[in-house]
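Database features, via TrEMBL:
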| type | residues | note |
| --- | --- | --- |
| TRANSMEM | 6-26 | transmembrane segment |
| BINDING | 162, 172, 192, 194, 256-267 | substrate binding site |
| ACT_SITE | 265 | active site, nucleophile |
């Protein structure tokens, strides 16, 4: 979160080159860096190409550090319809009876890319955004203790220092929208970097980070954490609904297993947000609370199935296949 910023770049139309010439403000943990001109970006490799997303790795002049750029097509807004249509030139590619297909070429000001920049990007950042093979893992209690737990314990604390900076109010304090400082049941709530101004409620994405640094994942949750989970759920939903004028029934609350980082956190998204919710990764918070209410040590004994990436979770994947 702390190394990521957002800018907008004109999309020159179908088949045209994407020219990265905007001025981009970097937020690098504790300090705000000077403007960066991406026109001198040196491309090293393209790590992922999808219908709506492209990820590229390169460098900037004067530094060997890697830059990871995640280029995503901008979502449509209801107010965009006439602006896009009036600025569009159609090229017919197929016609049959009343039906015809076209390529719509937009003028430079009528479309944009959402650009996420991670700099300096670590091998872990790059692996997460690289095309790779994925596998379903079935993790029993024994597999967790033999493979997953040693993997988690091998990860340096420095990897989540940015989380501690937020909890300790050393960074991103201006983004915090709710704070409960109780060491056992407390948490901080803030908009995730996936949700940026203008804050369209249908793209709502907030993140709750617990104050208790001993909880790494859902596997650590026990009966004594029910008060934390209920407090986090109730206060976060109340604040989100009031602040953003959204119905409680429109919010999805969930955690990831395996998570991107091992400090327990909860995701709050609008039901129309499509990412991060697939089977094999997301577990609904309400289901977690119910399971622990039924059996206090449920997640110490449960068999959990999830998706593991060959590159993103290389060490874990290697341990699981042994």
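Each Cβ is built from the backbone N, Cα and C atoms, and glycine gets one as well.
All annotation found in TrEMBL is predicted automatically rather than curated by experts.
Annotated features taken from TrEMBL, shown on the structure.
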{"residue": "256", "record": "substrate binding site", "Cβ contacts under 8 Å, 6 or more apart": "267, 276, 281, 282, 283"}
{"residue": "258", "record": "substrate binding site", "Cβ contacts under 8 Å, 6 or more apart": "148, 217, 281, 306, 308, 313, 316"}
{"residue": "260", "record": "substrate binding site", "Cβ contacts under 8 Å, 6 or more apart": "128"}
{"residue": "262", "record": "substrate binding site", "Cβ contacts under 8 Å, 6 or more apart": "152, 155, 160, 216, 217"}
{"residue": "264", "record": "substrate binding site", "Cβ contacts under 8 Å, 6 or more apart": "209, 210, 212, 215, 216, 217, 218, 220, 221, 255"}
{"residue": "265", "record": "active site, nucleophile", "Cβ contacts under 8 Å, 6 or more apart": "163, 207, 208, 209, 210, 255, 259"}
{"residue": "266", "record": "substrate binding site", "Cβ contacts under 8 Å, 6 or more apart": "207, 208, 210, 232, 233, 236, 253, 254, 255, 285"}
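Under the DSSP three-state reduction, residue 258 (substrate binding site) is assigned to coil, being neither helix nor strand.
Residue 162 (substrate binding site) carries a helical DSSP state (H, G or I).
When other Cβ atoms within 10 Å of the Cβ of residue 192 (substrate binding site) are tallied across all protein chains shown, the result is 18. Annotation note: residue 264 (substrate binding site) sits in a coil segment as assigned by DSSP.
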